[in-house]
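Engineer: What follows is a single structure, and I will ask about it in a moment.
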Amino acid sequence: MGEAAVEGFTMEEKRDFNGGVGNENGEFDPSAPPPFKIGEIRAAIPSHCWVKNPWRSMSYVLRDLVVVSALITAAVYFNTWVFWPLYWVAQGTMFWAIFVLGHDCGHGSFSDSPRLNSIVGHILHSSILVPYNGWRISHRTHHQNHGNVENDESWVPLPEKIYNKLDPNTKKLRFTVPFPVFAYPLYLWYRSPGKEGSHFNPYSSLFPANERKSVVTSTVCWILMAVFLVCLSFVFGPVQIFKLYGVPYLIFVMWLDFVTYLHHHGHEKKLPWYRGKEWSYLRGGLTTVDRDYGLFNNIHHDIGTHVIHHLFPQIPHYHLVEATRAAKPVLGKYYREPKKSGPIPLHLIDNLVKSIRQDHFVSDTGEIVYYQTDPQLHKFLATKLE
């Protein structure tokens, strides 16, 4: 598929009124090369959206830490089974918000100071048992290769050959809700099927040799946090620490897997994945999906504005909404407007369940591929829901 024409039709003939490219039936084709360059998107975004204000970034850190501390104080004070479930959901959500701020540090969108980014990132991520540098490096790989079946790092489609080698129980666990939304800790230790390495091992294939010392630093910080939690368990009792920290951690993991999965899957119309010469940074980034999380948008720092974040991860989170608004006229139909949410984004559960039931593997061949469904697994999953 060339940049100038698609199957005999010129780009001008296939360009629709909103800047998209159609297929032979005149329908918008999300896999067609876009009629704009990434520089055009960049130019449409106001210059102040690129400015990183460390004081403003730190104000969000302070805000989140105050809320976390207040929730802990309230849980200890009330200590009733009426309050605990409310605490778990609220605190787990705040752990997720803290993760997003550490994620900004990893991208360098927190501030222009690598030292400040590293210090804050290590503190925030270690506090929720995330190895900051190990994750930062693998996440960088994800952004640099988004939408690439062979080189992407996060929620990558399984090629059919690898999928067929999975035993039936592994398939069922991997594609049965709620198990996939608890996958993150396993991913940190073992990555995904078909990939080897650990985010804690400096000699993992994830990391270049010149970044091994950084990985060691993060692993040590993770171990110190784990030891700290064990010590707290001896002082206050393991049940109390599990209630104060363990359950919120599980809620945080659910948020992380839920959000990151839906930013790359579950759109109403299937979106392409690429290999070889068909892949480009721009085309891969345009397969990401924005989501509306209702009242949680502000709480988790507008991470739902994901398309512009993926294309330009150096933009601070507090400018993403404005940057997206400015870029939409250029993106045209390559930008998929998120469905408006009520206060609680319950509508996204259907997207998650439907995608996990249908999106199982991609073909081993082809440079533009779409998820395919395993009929036997789909039948099993449908039976489970009856």
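Counting starts with 1 at the first residue shown.
Using N, Cα and C of the backbone, Cβ positions are placed for all residues, glycine too.
From TrEMBL, for reference:
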DOMAIN    12-71  domain 'Fatty acid desaturase N-terminal'
TRANSMEM  60-78  transmembrane segment
DOMAIN    80-335  domain 'Fatty acid desaturase'
TRANSMEM  215-236  transmembrane segment
TRANSMEM  242-262  transmembrane segment
Engineer: Mean pLDDT, the domain 'Fatty acid desaturase' (80-335)?
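Structural biologist: Its mean pLDDT is 95.
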Engineer: Looking only at residues six or more beyond either end of the transmembrane segment (60-78), which have a C-beta under 8 A from one in the stretch?
Structural biologist: 84, 87, 90-91, 94-95, 97-98, 101, 120, 124, 243-244, 301, 317-318
